[in-house]
Amino acid sequence: MSDNKIIENENIKSIAGTFSRAPFQLNALLESDAELIQFDSENILAMTYDAIVEEIEEGLYTDNYQIGWMAVTTSVSDLAAVGAKVLGLLLDLKIPKEFRNTDLSELQRGINDACKFYGCHILGGDTNANKTLQIGSTAIGFCKNKLMRTGMQTSDILYTSGKMGLGSSYAYSRFMGDAKIEYLPKAKIKEGQLLSKFASSCIDTSDGLFPAICQLMELNNLGINLTTPLNDILHKTCLKISEEKQLPNWIFMCGPHGEYELLFTIPSDKIKKFETEAKRINWNPTKIGDVDNKSKLFTNVDGFSINIFDTTNLYNKNNIKSPQQYMVELLKLDKDLRL
């Protein structure tokens, strides 16, 4: 049985918990996808850094255009989760000396295309030589309202900005499958800005749906009931793989590689107006559950119960060495749950 704490959060607290927080910073450690600074009486400065290291080292990302796109998207998605408008990015780039000009051109093209899509620019950064390619970015933006992971209340309704599981489907295809799946997720900037007017809490699903739900529950000390069948939440690619490979559908929600959608809660008295405004921007978010005062989530999956803190902590608890081993452990858990 899980103690309903995220191991990675405890590790982060042990490292960063000793650092003093700025008095003008609105969020505490782990409370927000981006760091929020009260800039003036009307504007909040939002800043975040994210890097692509393990994804390159483990072979999840090998295409240089994709790496460039993801280097921008990973940090911009954090700004989307706080409802910010993107100002620009600082690029942290470490390039191997033997990196070919054609490889560099593809990397640059991915970065430029992503910036163009999000309406932002590379403002500067740092470039160094390295044995392997590593890339990260600091995204900077402004928002009017404070939108964080904390703030959800009992009876709030839980939504996702889109279908779940594409990130896990892509990871499966890279490491264990034979189908080629395109993976160029788009951060939900427009949707996040609308959410800043309605949502009580928000987080992106860069680590997967179940880990994102666990974050909201742990930080708010509340529970969540999933009321929508999993097949109605999952991306069509997940459903296809699940059927063809005879895999349980719930494993595609476990992460740790996600789809960069948004998971958020809306107070019940704001739902009607929120859904009306969402339609005006041609957005159809998926209602997947509600918030209650329980301290843990047991979501019903194909007739049995699963504690998603157990799946979220699986990578750390079981000393997973490879994606293949992780899949084996998930399938073992599925077998145990069905007994």
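Even glycines carry a Cβ here, placed using N, Cα and C.
As the structure is a computational prediction, the values presented were derived from the model and not from experiment.
These come from TrEMBL:
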{"type": "DOMAIN", "residues": "32-142", "note": "domain 'PurM-like N-terminal'"}
{"type": "BINDING", "residues": "D33, D78, D204", "note": "Mg(2+) 3 binding site"}
{"type": "BINDING", "residues": "G125, D126, R149, S206", "note": "ATP binding site"}
{"type": "BINDING", "residues": "D207", "note": "Mg(2+) 5 binding site"}
{"type": "BINDING", "residues": "F304", "note": "substrate binding site"}
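What TrEMBL annotates, mapped onto the structure for a quick look.
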| residue | record | Cβ contacts under 8 Å, 6 or more apart |
| --- | --- | --- |
| D33 | Mg(2+) 3 binding site | T48, S77, D78, L79, A81, V82, R149, C202, I203, D204 |
| G125 | ATP binding site | L89, L90, L91, D92, L93, S137, T138 |
| D126 | ATP binding site | L90, L91, D92, L93 |
| S206 | ATP binding site | T74, S77, D78, G167, G258, Y260 |
| D207 | Mg(2+) 5 binding site | G255, P256, H257, G258 |
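DSSP gives D204 (Mg(2+) 3 binding site) a strand state. Annotated Mg(2+) 3 site D33, D78, D204; additional same-chain residues within 8 Å of its Cβ mean position, judged by their own Cβ, are A34, T48, S77, L79, A80, A81, V82, I203, S206. DSSP labels the residues of the domain 'PurM-like N-terminal' (32-142) in these numbers: 39 helix, 41 strand, 31 coil.
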